[in-house]
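Participant: This is the structure I want to talk about, given as structure tokens.
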Amino acid sequence: MATERYNPRDAEPRWQHQWEAGKVFETKNDDPRDKYYVLEMFPYPSGRIHMGHVRNYTMGDVVARYKRARGFNVLHPMGWDAFGMPAENAAMERGVHPASWTYQNIASMKAQLKVMGLSLDWSREFATCDPEYYQRQQHLFLDFLEKGLVYRKQSKVNWDPVDNTVLANEQVIEGRGWRSGALVEQRELTQWFFRITDFSQDLLDALDTLDEWPEKVRLMQKNWIGRSEGLSVRWELDPATVPGEEKEVTVYTTRPDTLFGASFLAISADHPLARDAAAKNAEIEAFCEECRRAGTSLAALETAEKKGIDTGIRARHPFDPNWELPVYVANFVLMDYGTGAIFGCPSGDQRDLDFARKYDLPVVPVVMPKDADPQTFTIGDEAYDGDGVMINSRFLDGLSAEEAFETVASRLENDLLNGTPRAERKVNFRLRDWGISRQRYWGCPIPVIHCDDCGVVPVPKADLPVTLPPDVTFDKPGNPLDRHPTWRHVACPQCGKDARRETDTMDTFVDSSWYFTRFTAPWEDNPTDPKAANHWLPVDQYIGGIEHAILHLLYSRFFTRAMKATGHVALDEPFKGLFTQGMVVHETYSRGEGAQREWITPAEIRVEEVDGQRRAVHIETGEEVAIGSIEKMSKSKKNVVDPDDIIGSYGADTARFFVLSDSPPDRDVIWSEAGVEGAHRFVQRVWRLLTEAAERLRAVDAAPASGGEGLAVSQAAHRTLKAVEADYDKLAFNKAVARIYELVNAMAAPLTQVASGKADNALTAAVKDAAAILINLIAPMMPHLAEECWREIGGKGLIAERPWPKFDPALIVENEITLPVQINGKKRADLTIARDADQSAIESAVLALDAVKAALNGGRPKKIIVVPQRIVNVVV
């Protein structure tokens, strides 16, 4: 009888070696079985995996192992999203080349992932910084360019004068570069763009087909695409107030019904009217410059104080030339949305109301609730943006907002200003073309050449890849490619004269927008093998963080359409199923206050309970430290747990089991030492129960019981098998864990009976059948333990290669039913009884219940109402 504790340090490497030696997880494209493609968002090689990685990749691995067992040909690959800023920062700070830093990190993280026992097809591995990968990306760029999906234009950018690079809007914090802290400048640069807006309507409409995506993600993408139907209205300007030659300003609005509530117009700092006004007024010029520096990210616009400056320009109301409104430059109006000009209706929009109150502008209610009194309805601190009827709107009074929209649109479409209609209906999208130019070294080179005679010339495909020169220096800010003495100088492919390479590299989001396609045939000379891509795609289950809900997923959807347009794939949508997992979070620990606060790692802390109160003690000094909030694990607050430490102490299976067990997978899981220890105790319990009975289990063939002593354990095993199948299908891993705990509890006594030699052959055979089911159930989550237990009970081959067991329908039929029992209509008890019990048996059993006896107090009920298979009501 085996009684040794399970030793993951011995077992886990052994099984990992066996899987690898047998190429168990390598996938063949010509396998005739139904395909299943499961993919977790590939990692950036930062150097170490964290517990978030462990949770993400464990979830994907459970799906892969389960689907493999269910008979699918599973593709479960891994690669590295390897270009990007951190490698260049490391080069500047540590004097190490980005390539060296990146590939060293890949080697470290790959070793860590292998220790987790993931069933990955490593034969398809690549990094996006491999020339073999970005050669095919350059090929795609040239195909998109030929198809008209890529173009260049002058674009306003956020320029960091210290780092000498373009910053995304999100990287501008209160007007300063997120890294350098320098005041950001606005510059006009020629940038490369992908025409994602060509697909705006399709990207929006197709969201309705993605029924295996979270509704939250679909809504986020819908809002980001931002389709709106409105009216472009031309407002005549009072010529006496205009500093330049402009005679009118066009405003796009989705609420023309509120025109009579307008009290101001607001324009972007980059609007031609603003530039004209700024040229003649230093105060306006300074304000416009402040707006440009502040950043134009959604977060910046929504959180910044709403400010404006009166330009002195006056616009005439479209329905009343005697009514003039002031034109402000405002920091919340963007030049690249609509026309860069809006009208403000303070009564119907909170932002406009705040602005109007600040600058003492009129607030006229124009929509009120249907049951309100127009004589008394007013606007206080909050704008009214609900449905209702029009008031204070002349010929619109009494109409609904929808009717007023149509009335205004119809009138203005038929009203002429300077010989053309004053308004036209427009559909606008918030989505903008994707600017991919980055003034960085560590990215995919853009494969074009600039010739003074021929203009922009694509690099011939035969000359791809355009590789990054290795001999660059990072001793000064800016793009090393601009400074390279030879790399940028090249002969023009068309005329042969001296020319220059493009020194911008591609946004790293490009690299991750098609990698899932490359995994289908990473050895192919072209970007894809269309046959393989069309076979494997779409990805059946994609798993990753909610933070990628918009950009990465939207860009990938665009890329798939662009690749279809250029003949590389035959589908539109890359991901059939999407799952966004929660984070791994942990308590924070600290000592000191304010600027003196010092964060302390969990490894330095011992948590004690004194008089029912938890307290944290610094192990080395013995001093009590503050227990803070539970937050996402982060290096800055040091509330991180190193997966290597956990796996080293408890084994990979314990870590895997814990991150799946505590919370629904789409919610955060709180890391706790007690939780990990609990998972480890369960691992040891399963091992002990099975190995103590293993010798006798090996001596019999597995056979479920149809009656007798073994029936209960067979029913428990087969019912659990059916339920866990459904849980795995729905990615409800925490529910599967709970059921497996229950099954082990149900099996404990029979296993002990077998181990002690007190079970007959029929019971032993039933227990072996249940044990085989249990091992198969835990195999996706705890694959090493499953292999070890399978070997112990005499199983043949690898669990990783075994088909999923089938439940016996006869054993999952519930022979009993639980009925709620009411007394005078209020539930007082539950009755468990045979499903086929007749009315008389049910009544007798009900009368024997303690709650019913107490209510009757020795008497008889007036009547007992039995609703078959549903409920019992006792009337007393």
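Backbone N, Cα and C atoms are what each Cβ position is placed from, and that goes for glycine too.
Quick paste from Swiss-Prot:
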type	residues	note
BINDING	Lys635	ATP binding site
MOTIF	43-53	motif ''HIGH' region'
MOTIF	632-636	motif ''KMSKS' region'
Participant: For the motif ''HIGH' region' (43-53), could you work out the same-chain residues 6 or more beyond its ends whose Cβ comes under 8 Å from its Cβ atoms?
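Facilitator: Answer is 80-82, 84, 86, 102, 104-106, 108-109, 112-113, 127, 545, 583-584, 633, 640-643, 646, 659, 671.
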Participant: Per DSSP, Lys635 (ATP binding site) is which: helix, strand or coil?
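Facilitator: Lys635 (ATP binding site) sits in coil per DSSP, no helix or strand.
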Participant: Which residues does the residue listed as 'ATP binding site' neighbour through Cβ under 8 Å, counting only same-chain ones at least six apart?
Facilitator: none
Participant: Could you give me three numbers for the motif ''HIGH' region' (43-53), the DSSP helix, strand and coil residue counts?
Facilitator: 3 helix, 0 strand, 8 coil
Participant: Pop the mean pLDDT for the motif ''HIGH' region' (43-53) in here, whole number is fine.
Facilitator: 90
